[in-house]
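Here is the structure we will look at.
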Amino acid sequence: MEGTPPGAAPSSALAAVLKHSSALPPESAQVQGYDFNRGVDYHALLDAYRTTGFQATNFGRAVQQVNAMIEKKLEPLAVDEDHHADLTQSRRPLTGCTIFLGYTSNLISSGIRETIRYLVQHNMVDVLVTTAGGVEEDLIKCLAPTYLGEFSLRGKELRESGINRIGNLLVPNDNYCKFEDWLMPILDQMVLEQNTEGVKWTPSKMISRLGKEINNPDSVYYWAHKNHIPVLSPALTDGSLGDMIFFHSYKNPGLVLDIVEDLRLINTQAIFAKRSGMIILGGGVVKHHIANANLMRNGADYAVYINTAQEFDGSDSGARPDEAVSWGKIRMDAQPVKVYADASLVFPLLVAETFAQKADAFRAEKNED
């Protein structure tokens with residue numbers, strides 16, 4: 001190459017390969033994974049995720065974000081801060097951070113149900129949002145079990161056998177027959193109370209009633225009823241519950257569910273929150289319903305998304321938290337986190353590093369109430 005001395009590498013190649021770096025910000029963390037020479041310490045292992053990189057680092061940041069929600073939630077309020085007439089509908093006292101938990105139905109079908117039940121049982125979250133399946137699958141599990149299967153099982157053969165597949169989970173169709181037998185008398189009673197007592201049913205009131213009627217401590221909604229945690233399900237008819245309501249409408253017509261009252265309930269929970277945090281597992285209606293409620297307060301203070309959806313198709317499910325910032329659904333000064341992962345892998349670990357670490361503090365708070 002012209003101008004290059006004999007025996008020397010081309011200067012342009014040297015300049016390109018050996019380009020000098022600018023200094024990184026002094027607070028930059030070094031990549032460091034867990035050293036198993038320390039033995040098996042799961043808390044230390046998960047703490048090391050913060051500096052591992054990729055989605056492990058996002059998980060570590062999600063732990064920090066949820067712990068920030070909990071820290072603010074457990075802070076005592078001033079005497080004049082917890083009186084808002086609009087919040088009396090849910091019968092829940094205001095805390096330093098109102099935590100919204102959203103999850104799709106498949107997670108209740110899976111063993112994540114037990115993780116969610118733990119949070120609700122111990123009054124660790126304030127508002128639940130799910131789909132019809134996220135309600136009915138919890139109740140059905142109190143009547144009959146769901147089984148492990150394989151993703152590869154053929155739909156035609158399963159249908160001929162009366163077996164429904166949810167990923168690698170199997171639900172015998174007899175479970176839904178048992179659900180119908182249990183639900184129909186409750187729907188009859190709801191219609192009676194509507195007609196004779198003027199009860200105005202909403203999806204959240206119906207779910208609370210079902211939680212009371214199931215009377216089983218394995219149920220998420222048993223504990224939601226006991227702890228006055230509202231459960232919002234704007235798509236409550238989109239599932240087996242809807243099927244049963246449809247069949248019941250022929251036998252005993254007239255049941256009315258008011259979604260507008262529930263809309264006011266969730267929006268006021270956000271509006272009057274001192275701070276708000278969103279933990280959203282999956283996407284679709286549960287993700288947007290919580291985010292849109294937080295628009296009413298110019299955005300959530302904290303947000304954690306866990307899902308595998310991508311943003312390239314413009315879907316709400318795949319949208320990153322920064323898109324919600326543009327809509328005013330997450331605050332501009334927030335530090336939201338999205339973990340690109342299957343929630344069945346990640347969420348129990350997240351709870352282990354956050355809520356479960358503060359179990360005694362939550363019990364103490366409940367005893368004070």
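Glycine is no exception: its Cβ is also placed from the backbone N, Cα and C atoms.
Here the structure is a predicted model, which means the values were calculated and not measured.
As given in Swiss-Prot:
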ACT_SITE  Lys329  active site, nucleophile
BINDING   105-109, 131-133, Glu137, Asp238, Gly283, 308-309, 342-343  NAD(+) binding site
BINDING   Glu136, Glu137, Asp243, His288, Gly314, Ser315, Asp316, Glu323, Ala324, Val325, Ser326, Trp327, Gly328, Lys329  spermidine binding site
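Positions of Swiss-Prot features highlighted on the structure.
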{"residue": "Ser105", "record": "NAD(+) binding site", "Cβ within 10 Å": "25"}
{"residue": "Leu107", "record": "NAD(+) binding site", "Cβ within 10 Å": "24"}
{"residue": "Ser109", "record": "NAD(+) binding site", "Cβ within 10 Å": "22"}
{"residue": "Ala132", "record": "NAD(+) binding site", "Cβ within 10 Å": "22"}
{"residue": "Glu137", "record": "NAD(+) binding site", "Cβ within 10 Å": "27"}
{"residue": "Asp243", "record": "spermidine binding site", "Cβ within 10 Å": "16"}
{"residue": "Gly283", "record": "NAD(+) binding site", "Cβ within 10 Å": "20"}
{"residue": "Asp316", "record": "spermidine binding site", "Cβ within 10 Å": "16"}
{"residue": "Lys329", "record": "active site, nucleophile", "Cβ within 10 Å": "26"}
{"residue": "Ala343", "record": "NAD(+) binding site", "Cβ within 10 Å": "23"}
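Candidate recorded positions: Gly314, Asp316, Gly328, Lys329. Nearest to Leu107 (NAD(+) binding site) by Cα distance: Asp316. In this structure, the binding-site residues Ala309, Ala324 were compared by how many other Cβ atoms lie within 10 Å of their Cβ, and the smallest count belongs to Ala309.
Cα distances from Glu136 (spermidine binding site) to the recorded positions Ser105, Gly283, Ala309, Lys329, Ala343 are smallest for Ser105. Least packed by the Cβ count within 10 Å, out of the binding-site residues Gly314, Gly328, is Gly314.
The subset of recorded positions (Ser105, Ser109, Ala132, Glu137, Lys329) lying with their Cα within 10 Å of the Cα of Asp316 (spermidine binding site) is empty, i.e. none. Counting other Cβ atoms within 10 Å of each Cβ, the binding-site residues Glu136, Ser326 show the lowest value at Ser326. Taking Asp243, Gly314, Ser326, Gly328, Lys329 as the recorded positions under consideration, the smallest Cα distance to Ala132 (NAD(+) binding site) is found for Asp243. Between the CA atoms of Ser105 (NAD(+) binding site) and the residue listed as 'active site, nucleophile' there is a gap of 23 Å. With respect to Gly328 (spermidine binding site), the closest of these binding-site residues in Cα terms is Ala309, chosen from Ser109, Glu137, Ala309. Reported as a whole number, the C-alpha separation between Ala309 (NAD(+) binding site) and Ala324 (spermidine binding site) equals 15 Å.
The separation of Gly283 (NAD(+) binding site) from Gly314 (spermidine binding site), Cα to Cα, is 13 Å. Ala324 (spermidine binding site) has Gly283 as its nearest neighbour among the binding-site residues Ser109, Glu137, Gly283, Ala343, going by CA to CA distance. In the three-state DSSP classification, Gly283 (NAD(+) binding site) falls within coil.
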